[in-house]
Amino acid sequence: MYAYTEYADPRDPPKTAGSAVSELSPPTEAELVLLAKLRSLQTGDWEAQLRTPPPPAGVLDKIGNPTPLAVAVFGLTNTLMSLVLMHVREVDQLNILVGTMWFVAGLVNIIVSVFELLVGNTFAYTIFGSLGGYFMSLGAMLTPAFGVSAAYGKSAATAAEFSNAMGLFNACWAAMFVLFFIVSIRSNLFMVMIFACVATTCAISAVGDFQAAKGHKHQKHNLDRIAGVFLFISSVPNWYLLWLILTISSGTYVKLPTGDIGIAKKKHDAQMAAAFGKKA
């Protein structure tokens with residue numbers, strides 16, 4: 001058996017004779033105050049836990065309207081993509097859109113969605129965040145470094161599988177845009193037009209991909225053209241909305257149809273009356 005010697009820790013309080021457990025000294029006033037503060041902390045009190053002062057009151061009121069930026073990049077990307085799908089100037093490869101999908105439509109929409117969340121606009125946050133992920137996904141598929149298409153190989157069977165996979169991708173996003181279309185029915189007429197056309201574009205593209213999987217390249221070519229037409233139509237109200245929002249933000253507001261419906265129209269009229277001092 002090994003014997004060991006227990007050494008007293010100099011930091012321990014002195015033990016009294018006959019006592020097996022050392023007595024703790026009573027907490028100081030500062031320790032009691034700290035304990036009470038820790039007990040009152042909630043999970044969201046990260047400022048107090050990190051000893052960082054809370055943001056000044058009303059700081060979010062100074063943030064500008066992030067929506068026009070997302071509307072701008074969405075309209076630009078849709079216009080460019082529609083021209084490629086319609087094979088304008090004999091351009092039919094989407095590779096020219098890689099940079100736009102990554103750094104314009106993808107990244108910018110993600111950034112804008114964060115600011116929409118900060119200002120409490122849940123609807124716009126969901127839409128722009130989803131669009132950012134959608135365009136980044138397309139950019140990744142067209143980027144050779146990700147190896148998405150290369151993973152399917154170059155044989156006829158694997159090429160058909162890739163076309164079917166792209167068809168499923170477009171079909172799922174068509175369902176997402178249909179949901180956005182339904183939700184926007186009572187908010188803005190132009191948004192209804194945009195999401196209806198974009199959902200139709202994705203649905204037609206999905207059908208075209210399924211036709212390509214069967215080897216019907218001519219049908220795929222024609223369906224791409226039709227999808228491009230619907231996507232181009234969606235960009236028209238998009239550009240109008242962008243122009244309208246920018247005129248309001250710059251103070252050069254001209255009374256034109258805003259497309260707002262129901263409660264959204266009443267809210268917009270009240271905002272215009274407060275901003276310009278008269279009924280919009």
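Just so it is clear, glycine is given a Cβ too, placed from its N, Cα and C backbone atoms.
Among the ranges 1-24, 25-48, the one that TrEMBL lists as region 'Disordered' is 1-24. Long-range contacts of the transmembrane segment (165-183) within the same chain: residues 123, 127, 130, 134, 137, 141, 152, 192, 195-196, 198-200, 202-203, 205-210, 213, each at least 6 residues beyond the stretch ends and with a Cβ under 8 Å from a Cβ of the stretch.
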